[in-house]
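Encoded as C-alpha cells, the structure appears first; notes follow it.
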Amino acid sequence: MWQYRIAFQAIAGKEIRRFLRIWQQTLIPPVMTMVLYFVIFGNLIGRRIGEMGGFDYMAFIVPGLIMMSVITSAYGNVSSSFFGNKFQRSIEEILVAPVPNYVILAGFVAGGVTRGIMVGLLVTVVSLGFTSFAIHNPVIVLSVILLTAILFSVGGFINAMYATKFDDVALVPTFILTPLTYLGGVFYSIELLPPFWQWVSQLNPILHMVNAFRFGVLGVSDVNVWAAFGMIAVFLTVLVSWAMWLLKRGKGLRS
Amino acid sequence: MTDALEIRNLRKVYAGGFEALKGIDLTVRRGDFFALLGPNGAGKSTTLGIVSALVNKTSGQVRVCGIDQDRDPEGVKRMLGVVPQEFNFNDFEKVHDILIQQAGYYGMEKGLARRNIEKYLRQLELWDKRNDQVRMLSGGMKRRLMIVRGLIHEPELLILDEPTAGVDIEIRRSMWAFLERINREGVTIILTTHYLEEAESLCRNIAIINRGEIITNTTVKELLLQMDRSSFVADIKGDFGRVPADNPYLMQLREDGSIQFQVHRGDNLNQVFELFARAGIEVVSLRPRTNRLEELFVDIVQADQPQPDGAVIRQPAVAGGNV
Ligand SMILES: Nc1ncnc2c1ncn2[C@@H]1O[C@H](COP(=O)(O)OP(=O)(O)OP(=O)(O)O)[C@@H](O)[C@H]1O
Ligand SMILES: [Mg+2]
C-alpha cells in the first residue's frame, strides 16, 4: 500500500473535496431529514409512546437514525461519484495509470466513509439538541460506525459498477436499503413483534448493525453484539471480494 | 535493448461476437515514430485500447519495454502515456487540477508534477488556460490537453489515437514539431491518423491494419519506393479534346476543367508535356493529385477487399508489396 500512497491520496482527496464542495447537497439534506425525524417521531409522537427498550423513545431512536444517515451517505457518495466518473469516462484517467484495483476501491471507499462519518457526527450533534445520552462503550460505537460506513461504501461501489444509467444508482437504496433500514429496528425494539417476525427480522443485517451501535451508545441490544460483528465481517468479506472481482473483470469499465 | 512494444497473436472478440482483431503481430522499436493506419473500424483503437488497458483482450500477448502486460500490468502502465481518441475529461474540472490529479495517480510528488505541468502546458501553448474548466476549451485545446496529461509522468512510450483530429493546420504543424521534439528526446511514439501527410512527414515505420488484420508493415521509405505510379493534376489552357484518347496516362477531364493523369515508374514527365504540346495545350500548373502515401494507402486497402465468395484476395497492389 505504501508504494501507492500518493495514488490513494489522490483518489481519496478528490472524493472528499468533491462532496465538501457541494456540501449543500451532500451534508445538509441528511441532517435536515434527521431533524424532521427527531421533531416528529422523537418529540411529538415519542411523548405518547413513552419508553422503548427501557429508554425514553427519543433516546432509543437516535442511534438508529445516526446509523441510517451514515449508511445512506456512505452508499450514496460512492455510488454516485463512481458512476459519474464512469459515465464521463474520466475513470479512464485512473485505469491507464499504475493503480492496482485495491487502491482504486480503497480510494473511493475512503471518500464514502469520510462523508458517512461526517454526516453521522453532524446528526449526533443535532440530536443533542433533543435528548442527551452518555456513551456506554466508545470502542464499540466507533468500530461499528466505521465498519458500517466501509461496508456500505463498498456496496455503493458495486452498485455503480453494475449501473448503466443514473436511475440504476437509485434502485438499490429505494428498494433494498430503505426498507431494510426501516425494518431494521431503528424505530422499534423487535421484542414488540410476534416471534415469527422477530425471527425474520434477525435475517436483516442492518438490524444487527443498528443494534450493535445502539448497544455501544445505550448499552441495550435486541441481538448478540458479537454475532453482529461477525455478521458485519462476513458481509464485508463478501462485498469486498465481489467488488475486487468486478474490477478485475473490468465490468462496465472495459469492453 | 527490448522493443518498446511487442504484440503477439492478439485477438479481440467484442461482447456481441464481433471479431475486431484476428490475431495481429506488431513490433515497435525503442525510439521509433510509428504510424498505425487503417480505415474506420479497422481495429486501430481496439489495438491501442488493449495496450493501454482500456479494452480487455480475448487472447494474445502484449509486452511494453519487455514487461508482460499479464504479469505486471502496473509496470506496463508506468511506461505508457495514453492519449485516447475520445475526450475523457470531467468537463467541470480545471486544467491544472486534472493534471495534478493525473500525476498523483502515477505516484508523483507535487513539486515534480508542477514543474512538468508548466513545462508541457507552455510547450503546447495551454499555459494561459491552466485555470479554465475543460468545458471552456476548444476541441483542439482539449486534444493538446490530452497530450499533456499523457506525458505528465514522462513515459517511455506515448500512444496517440488520432491526436490531430479536428485540429487546425497551424496548430497541427506546431503539434508535429512538438512530437518530433519529444521523439528526438527519446520518447517512442505510436500514432494513428487519417491524415496520411502526417504519417508521411512524422513517422519512420508504418503498419496498415484492415478489418482486424495487419496487411502491411514496413518503413515509410520502402513503402514509398514501392509506388509504381503517381497521379497528377494539371491546369491547362487549350482544347483537351485534341489529346489522343489512347494515350497511356489514363488522362481524364475533371469537373473543374483540370486534367488528371497517371505516370508509371520509369515513365518520363517530358513525354506527357510533349503530348500536351502536340495538341496545342499549355500546361499552366501541375500538382500531385493526393499525398503519395494516401494514394498507396487507398490501393493497399482496396486490394484487401473481400470477394463475393467470402475469400480475400491478397494480391499486392504495389510491386513487392509486403501484404
Ligand atoms: N465496444 C465495442 N463493442 C462492440 N464492437 C466494437 C466496440 N468497439 C469497437 N467495436 C468494433 O470493432 C471494430 C474496430 O473498431 P476500432 O474502434 O478499433 O476501429 P478504428 O480502427 O479505431 O476506427 P476509427 O478510425 O473509426 O477510429 C469496429 O467494427 C467497431 O464497430
Ligand atoms: Mg479509432
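Placed from the backbone N, Cα and C atoms, the Cβ positions cover glycine too.
No curator has checked TrEMBL annotations; they are predicted automatically.
Sequence annotations record features per position, and here TrEMBL assigns domain 'ABC transmembrane type-2' to A:21-250.
What TrEMBL lists as transmembrane segment is A:27-45 (among others).
Same-chain residues lying 6+ beyond the ends of the transmembrane segment (A:57-78) with a Cβ under 8 Å from its Cβ atoms: 15, 19, 26, 30-31, 33-34, 37-38, 41-43, 45-47, 49-51, 108-109, 111-113, 115-120, 123-124, 127, 130-131, 133, 145, 148-150, 152-157, 159-160, 172-173, 177, 181, 184-187, 189, 206, 209-210, 213-214, 216-218. The annotation transmembrane segment is assigned in TrEMBL to A:57-78 (among others).
Within its own chain, the transmembrane segment (A:99-128) has Cβ neighbours under 8 Å at 1, 4, 7-8, 10-12, 14-16, 18-19, 26-27, 30-31, 34-35, 38, 62, 65-67, 69-71, 73-75, 77-78, 81-82, 145-146, 148-150, 152-154, 156-157, 240, 243-244, 247-248, counting only residues six or more beyond its boundaries. The transmembrane segment annotation in TrEMBL covers A:99-128 (among others).
Counting only same-chain residues 6+ beyond the ends of the transmembrane segment (A:140-162), those with a CB under 8 A from a CB of the stretch are 66-67, 70-71, 74-83, 86, 105, 108-109, 111-113, 116-117, 120, 168-169, 171-172, 177, 209, 212-213, 215-217, 225, 228-229, 232-233, 235-236, 239-240, 242-243, 246-247, 251-253. Residues annotated as transmembrane segment in TrEMBL: A:140-162 (among others).
Feature annotation from TrEMBL assigns transmembrane segment to A:169-190 (among others). Outside the transmembrane segment (A:169-190), and at least 6 residues removed from its termini, the chain residues within Cβ reach (under 8 Å) are 41, 52-53, 60-61, 64-65, 67-68, 71-72, 75-76, 79-80, 83, 152, 155, 159-160, 163, 197-198, 201-202, 204-207, 209-211, 222.
Feature annotation from TrEMBL assigns transmembrane segment to A:225-247 (among others). Same-chain residues lying 6+ beyond the ends of the transmembrane segment (A:225-247) with a Cβ under 8 Å from its Cβ atoms: 101-102, 104-105, 140, 143-144, 147-148, 150-151, 154-155, 157-158, 161-162, 205, 208-209, 211-212, 215, 253.
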